[in-house]
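Student: Below is a structure I'd like to ask you about.
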Amino acid sequence: MAWSPLLLTLLAHCTGSWAQSVLTQPPSVSGAPGQRVTISCTGSSSNIGAGYDVHWYQQLPGTAPKLLIYGNSNRPSGVPDRFSGSKSGTSASLAITGLQAEDEADYYCQSYDSSLSG
């Protein structure tokens with residue numbers, strides 16, 4: 001049986017007039033089952049580069065977002081160790097090893113931004 005590549009769709013959703021997108025993610029990342037994929041999150045000196053933590057969320061179709069990684073690289077209880085997070089400079093990344101069909105979802109990165117306070 002031939003496997004079709006999985007498509008991990010990354011969407012930037014903003015709601016409300018106050019919302020501003022300050023972190024950049026690729027529109028999509030794809031990989032075959034069993035492979036390792038990395039999702040990037042690029043920020044600036046006012047958020048990731050300022051030392052603020054990065055958090056990652058996974059949203060499966062028809063469900064609310066679920067916390068996947070907190071504090072750059074920590075996994076909540078119940079999250080498989082196939083998921084890992086890292087941060088360097090003004091960017092962060094989420095790695096998924098041993099990609100599985102159930103990993104097809106939307107993934108979001110989040111961080112505090114000092115330029116938006118006030």
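Yeah, the Cβs are placed from backbone N, Cα and C, and that goes for glycine too.
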Student: Which one of Gln20, Gln59, Gln100 shows up in Swiss-Prot with the note pyrrolidone carboxylic acid?
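Tutor: In Swiss-Prot, Gln20 carries the pyrrolidone carboxylic acid label; others show none in the record.
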Student: Restricting to the domain 'Ig-like' (20-118), what is the model's mean pLDDT?
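Tutor: Its mean pLDDT is 93.
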Student: Sort out the residues at least 6 away from either end of the region 'Complementarity-determining-1' (45-53), same chain, that have Cβ-Cβ distances under 8 Å to it, and list them.
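Tutor: For the region 'Complementarity-determining-1' (45-53), the far contacts come to 22-23, 70-72, 87, 89-92, 111-115.
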Student: For the region 'Framework-3' (74-109), DSSP counts of helix, strand and coil?
Tutor: 3 helix, 17 strand, 16 coil
